[in-house]
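One structure is given here, and the rest of the page talks about it.
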């Protein structure tokens, strides 16, 4: 149901140099390397980083070969960690690899779905593939922004991307890779009306003046640059509270400051807390894992539903049983913004989208090395890269199915 009255909503993002995001990037870079030579590779790779060390573990079944230590070092160096003075050095860090094969008990349910094994469905390629696990996945879309994402997370990601851009391009050469952003938006009912607070915490070189150098630079080169790019004239940006490194100096960062793990930024990866989350992480998982592929499909469904004018704000949930091809549940929430009966919207979604795992992989062309680019700055609503689940190619068909 839509809400009325003024309220504040906050979302955060992190840069690619955040310890958890280093891990996501390593896991997805390994995945991409394996998918390049073996599109049917089964991959579940987890990474841990800490002071001077990278540990890679998981389960992989593939005919491909990947030089994992080299991928680890190249990824760390590309992010910008090339010196112990920055908290990590991809040239000299220790790399430990512990990879096993996927459980054959899991594989049998993915390779031969419950429906095929019981004779419930025919043995074609789509029917044959069962879900790689049980679970529930959510998708969300809203008219907040042109890319149909919640504004707080959209702005937070843009700020994090810009923070990395000015560091890597040399505009602000004293910045270091680790950083976080946070955006608080005032809503009047369901409409974003004012940018209230921006927090930017960024690692930097020693002896940088916070008040006279860092804060003015970030206000102009990061916040000012991002605000100049967004096309939202109705958003009040006249009185923004900017908080830069509120704890003071931030020299000790990266894995030297905090250990990092794959899959620990799932709210940053999705909708910034404005939508529910099923709990499954994305990075390091091939698309047979519905944690990833079905969450992408649900974003595709939700975005097409809003683009079709079925609702201004929509959240969709799908659920699976391990080894079964067909979803066990579909739920649609329109928050009182629907333009037709929600039951009709749900039926239109069912008619327009095939949510069996094999069909999702086919329709979104997911057996490709496209995942490392998603490891930082969000998996949804990206304006800087082209992702198949951001397409609104089913909007007209969905609108017709809903009778609009």
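Note: Cβ is positioned from N, Cα and C throughout, glycine not excepted.
In Swiss-Prot, the feature region 'Flexible loop' is placed on 102-112, out of the ranges 91-101, 102-112, 113-123.
Spatially close to residue 265 (ATP binding site) yet at least six residues away along the chain are 14, 18, 20, 21, 24, judged by Cβ distances under 8 angstroms.
Cα-Cα distance from residue 46 (K(+) binding site) to residue 249 (ATP binding site): 31 Å (rounded to the nearest whole number). Neighbour counts of Cβ atoms within 10 Å were compared across the binding-site residues 249, 285; the minimum falls on 249.
Considering other CB atoms within 10 Å as the measure, the emptiest surroundings among the binding-site residues 18, 289 are those of 289.
Spanning the residues 18, 178, 179, 180, 249, 250, 258, 264, 265, 281, 285 that the record associates with binding ATP, the maximal Cα-Cα distance equals 36 Å.
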